[in-house]
């Protein structure tokens, strides 16, 4: 089609749909014996958008994956943490089932179940939340609890979390209200002491109080397109009762709180049993017995714990699990670097002893899976720097000595004479 003002005969042209002449519209698009103006094109687009909105809910209703399907998808990206994956699969399924049935079922109002993830650094808390959002195709944003303060103090206001979520979906409120918010380092906003203080705790208990309504469900007023708030401005109204909040933290020292309760015989939930001091449980076993009273003792206020009814604990990753993480998930670290090298036309091979050495280093650093990338990056840095300037390299081999910094990666060339020259 072409943009026309007049045909070859100089006749005045009219839109075939609305009848307006070429002088009454900005553009007139010509087809075989027909014309359409820019106004009719806009109208057609609006009609199509409305129809898509009406069809979308029916499509979404049939697209909700079952807990088994959610769990299998998580298995593709997250190694281990079987109990946490099962808890998350059920909680997420129930949350979105509630949304699709209008918060009620046979007159019974369905409550909201936000999630608390407890586990050491690098155990997969953030990855689980990100993978869920990707599977469900919903907006996802992360917030760091350590940067949050009460409104009116220097720092990030809790409502900025909703603004970030809106930014992820181009300020589409309906999309944002189906999103997932992950708040990391939630343990860092614990109350500084068991006793209420006369001084204001604006980054601890104060933030917990500020988050209460947001997590439970309120209508947050957010400035459009990230502007500052002022009285004459119209705000976007976002209903947070439909947003799934997942809070995560390492909760260092919580195992000692649980151990003290269990040893003194006050544990009654999650199959907690009285243990002698000589019979020490592992940190993972203790965290699995967490009760609300332990979290209160740690420094979370009771009202805040009540807004996070689903609790999942993650274990510290073993050396074997770290090796699996390096090679088994769909986006495993070794696969990522192999794809990167393939873009240069070069194969990359990690020998088994190299994977063992990477896992041992990460265990020594106590950074969990998060530390794996920095170890691999350091080992491959010089090779990635030189490779684009080199010719005839077909393969790069990484073994244990490369990871430990004792030798350089083995380069295999396409031409034997080039390899011989490299080895001299």
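Glycine too: its Cβ is placed from the backbone N, Cα and C atoms.
These features come from Swiss-Prot:
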DOMAIN    2-56  domain 'ClpX-type ZB'
BINDING   15, 18, 37, 40  Zn(2+) binding site
BINDING   120, 121, 122, 123, 124, 125, 126, 127  ATP binding site
Rounded Cα-Cα span from residue 120 (ATP binding site) to residue 18 (Zn(2+) binding site), Å: 65
Binding-site residues listed as 18, 37, 40, 127, least Cβ neighbours within 10 Å: 18
Alpha-carbon distance [residue 15 (Zn(2+) binding site); residue 121 (ATP binding site)] in Å: 64
Integer Cα-Cα distance in angstrom, residue 126 (ATP binding site) to residue 40 (Zn(2+) binding site): 47
Nearest recorded site to residue 40 (Zn(2+) binding site) by CA-CA distance, among binding-site residues 120, 122, 123, 125, 127: 127
Cα separation, residue 15 (Zn(2+) binding site) to residue 120 (ATP binding site) (Å, whole number): 66
Neighbour-count leader, CB within 10 A, binding-site residues: 121, 123, 126: 123
Residue 37 (Zn(2+) binding site) and residue 122 (ATP binding site), distance between Cα atoms, whole Å: 58
ATP site, defined by 120, 121, 122, 123, 124, 125, 126, 127: further same-chain residues with Cβ within 8 Å of the Cβ centre: 119, 248, 314, 368, 369, 370
Assigned conformation of residue 37 (Zn(2+) binding site) - DSSP reduced to three states: strand
Local backbone state of residue 18 (Zn(2+) binding site), from DSSP in three classes: coil
